[in-house]
Structure formats: structure tokens, C-alpha cells
Amino acid sequence: MIFGDSQKRGCFIAGSDVTFAALCTEECAHGRCVSPDTCQCEPGWGGLDCSSGCESDYWGPHCSNRCQCRNGAKCNPITGACVCTDGYQGWRCEEPCDHGYYGKACQLPCQCLNGATCHHETGECICASGYTGAFCGERCPFGSHGLQCEQRCPCQNRGTCHHGSVCAQPCPLGKYGVNCSRDCSCRNGGLCDHVTGQCQCAAGFSGRRCQDECPIGTYGAQCSQRCACQNGAKCYHVNGACLCDTGFKGPNCQERFCPPGLYGLICDKYCPCEAANTVSCHPLSGECSCSPGWTGPYCNESCPSGYHGDGCRSACDCAPGTAECHSVTGSCVCPAGLMGDNCVWPCPGGFTDRAAFLRVPA
């Protein structure tokens, strides 16, 4: 069976498995024919026969997507990616170059001097007040000052003027106020505000004039840091460094020079302390630091009657003359017939055992 071209374009025979590929009158230059006289264009191409490149603001198949690029950037007709003009960066080229860079892809470093900025597109230097030259490396010529050196100096009788803007410079160090006429009173390296004279203290100092060192236990800027030194070490008020007592070491003086149980200059003496009742033995002197509830040179004596706790400094809170307290916890040990936290209540009928009424420590 013979078919004409017009019959074969995208047709099929009813009741038959015979089919024909779709044909287009015009060849699809950059695409493929998907149905009679219909081209499916490749990205970046448009027109009936896919022979026309996308216009500058469009991209993708059939140029159907609108470009999102800014600042004069062009977009890739296939992917839509923005190709930034000199001086811009970002996905849409919406951002100028970072400070200090310019040009293509923002990869060229600025060459400007004396606080000048450079144009993000051309790299041209924009001089600060008081400077001139291609790279702003020269001061204003004699007799001129200010932005672009356009202002004339008002000084007379051979006086010279500052090359920058009038009243644009803060007071010199140590001065403040109107015409910088007042002397700062800050001490210990403190800086004063060039307008108000208020002191900004250096680390380790405080007070209206920065005259005081940080209070004991604190250090640093505004004395806001807490010292971490141990074993009686002193804390340097500036940076918190610990000054260890003899016999201790470590960043926070937390380590003894001698092994546990020994003391002396060469760690050749045995600590005389009762080990079970001792917190520590001084590594140089051998002095014993007792656990709560214990006292004496060797921590072998219980707290005297009426006292308890750390250093036996806490007074017992039991009924006077009738009860004793535990040397460590301070719990009252009531005599027979009394009960309660302070042993002031008589036992209920039938109860006389003092061991049954001990104050439970908090």
C-alpha cells in the first residue's frame, strides 16, 4: 500500500499496527519534530523551526523563561545563568564587589591608599578628604584641603592648615571637649571619649578614672570575668593568669608538685595528717587541711562540743545544755525523753529511745 506524504505525517492506519514518524515541512534546525509541523526546540533556541537564538532577556527551550539578571548582566540562553558585568557579583549579579575589590568577577584588588575606596566597576580611586592623586597617595597641595582638595585654607600670616576636612579629626590622645581644650583624667592605660571625656578602662581596671584594679576574684575587660585559680592562688587582674603558691602547679594551680601523701622541697617527707579526715596536705609545709567535722594539727580531733562543720566554725543549733550535735552534719543527738530538730520536744508516751530521734541533715 502506497501513501502520500500528506497522509504519512503523524498518521496511522485504523486496525493496523503500521505507524509513521511525524514529519515537519521545515527541518527543525536546533530541535526535533514531535508532531506534524511542530518542532521541540533545544534550550537557547526558538522560532517555528528552532533556528532563532533567544533574545537577550530570555532563555531555555523555546526561549520561554525570562532572565532574572540585574545591573546589565546577560544570561546564558541555555542555562539561564547570569554573566555579570564588571563590578558585580551574586546569583543575579545584584551585589557590587566586596570592599577592596573591583572588575571582572570582582577578582582585582584595589590599589588605593590612605583610606580611599575604589569604584567597584573601574577600580578608580575615590580619595578621602585631604588626599589626591591616581591612587590617593599624595596630600593636598599647600593652601588647599578637604574633599578633592577643592577648599582653600583660611589660615593667615603663613599659617598652615590640616590637609583634611575642617573639624574632621578627633582630638589627639589625652585631650577632649570643645577645641580639644580639656585634659583626659583616665589612668592605667584607659582611653577617654574625645567628646565627653568619659573613660573606657583597659582590661583589669575599673572606676570612674580607671584608678582601681579589678576586685579580688575578677579580671579582664570591665572586670566581667571570674577567676578560676585554686589552692589560694592569686589571679592577675588583667588576663586572669594564676600566680600559684609554692608547692602547686597547673593553669589553675590545681595540681600538687608532690605525689599524694608526700611533701617538702624534694617531696621526701610523709604527710602527718589522718588521711581519712583530711582534704589535703600542703605540698611544701605539710600543713593539714581537715575535712568538715575534724580539727587539730593532724585532723585527728573531732570538733569540740557545740560546734560542727568546715573548720568547726559552725555552732550547733540544739537545746542548750541537753543535746549534742553531729560534728560533720550538725544534726542534733537528743537525750532520752526529747525529740525534734533541736531536741526541745518531749517524746510521746511510751517513747524514750534517743537513738530514734536524730535530726536528718538537709
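Including glycine, each Cβ sits where the backbone N, Cα and C put it.
Here CYS136 is paired by TrEMBL through a disulfide bond, and of CYS127, CYS149 its partner is CYS127.
Of the cysteines listed (CYS84, CYS106), TrEMBL assigns CYS84 as the disulfide partner of CYS93. Looking at CYS210, CYS214, the record from TrEMBL puts CYS201 in a disulfide bond with CYS210. The disulfide bond recorded by TrEMBL for CYS253 joins it to CYS244 [selected from CYS244, CYS258]. Within 10 Å of the C-beta of CYS127 (disulfide bond) we count 23 further C-beta atoms, all protein chains included. Listed in sequence order, the residues of the same chain lying 6 or more apart from CYS84 (disulfide bond) and placing their CB within less than 8 Å of its CB are CYS69, ASN71, ALA73, GLY90, CYS93, ALA105. The two recorded residues, CYS253 (disulfide bond) and CYS201 (disulfide bond), have Cα atoms 28 Å apart. CYS244 (disulfide bond) sits 55 Å from CYS127 (disulfide bond), taking the Cα positions as reference.
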